[in-house]
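Database features (TrEMBL):
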- 84-111: compositional bias 'Basic and acidic residues' (COMPBIAS)
- 84-186: region 'Disordered' (REGION)
- 118-152: repeat 'C' (REPEAT)
- 121-161: compositional bias 'Basic and acidic residues' (COMPBIAS)
- 153-187: repeat 'C' (REPEAT)
- 169-185: compositional bias 'Basic and acidic residues' (COMPBIAS)
Amino acid sequence: VAVAVAVLGAGFANQTTVKADSDNINRSVSVKDNEKELHNKIADLEEERGEHLDKIDELKEELKAKEKSSENVERHYLRKLDQEYKEQQERQKNLEELERQSQREVEKRYQEQLQKQQQLETEKQISEASRKSLSRDLEASRAAKKDLEAEHQKLKEEKQISDASRQGLSRDLEASREAKKKVEADLAEANSKLQALEKLNKELEEGKKLSEKEKAELQAKLEAEAKALKE
């Protein structure tokens with residue numbers, strides 16, 4: 001509007017100048033032509049002003065559209081930033097959780113490894129103690145085996161001595177039995193001789209009543225029997 005007024009003012013000024021010049025140069029130009037020209041210029045200016053206004057409105061609409069688009073872009077960008085921030089927060093949270101989980105897993109594995117190590121140490125100590133115990137048991141078994149072998153040898157020797165003694169005793173028993181039989185036979189013979197002597201003695205007692213011839217015969221018989229007894 002200001003531009004149009006300025007242009008209109010300038011037009012009026014120019015028209016005045018032209019009119020003055022026309023009056024000075026050529027008095028034949030009529031006022032009507034000047035007015036018509038002025039109206040034409042005003043119409044042109046009005047048209048130009050309308051175009052400018054339309055252009056201004058278009059520019060305003062464009063500006064509003066751009067502002068709206070800018071607001072939409074800004075809102076979209078803000079929403080995107082917010083979404084990305086939330087996603088980043090979620091990722092950070094997940095990473096922290098994974099880190100904690102990983103830390104727990106590492107700690108768990110460390111504890112398990114430590115427990116296995118301690119168990120291996122315990123088993124090693126038990127195995128070492130068991131090995132020493134087995135070594136002592138083996139040594140004791142070897143000593144016991146030697147003792148048993150010595151005892152067996154001793155028993156074997158004693159058995160041999162016992163067998164020899166038994167054989168000797170068997171021979172002695174057999175000899176004793178034979179001696180007993182001989183003694184019994186000798187005893188029986190002695191008893192027989194004793195009975196014979198007792199008989200002779202009885203006969204001698206009775207012989208006192210015999211004649212000299214009978215006494216002599218009896219004496220010879222007794223001497224013969226006594227000689228037989230001595231043998």
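Cβ coordinates come from backbone N, Cα and C, glycine included.
Unlike curated entries, TrEMBL annotations are predicted automatically.
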Segment confidence, the repeat 'C' (118-152), expressed as mean pLDDT:
78
Within the compositional bias 'Basic and acidic residues' (121-161), how many residues are helix, strand or coil going by DSSP?
41 helix, 0 strand, 0 coil
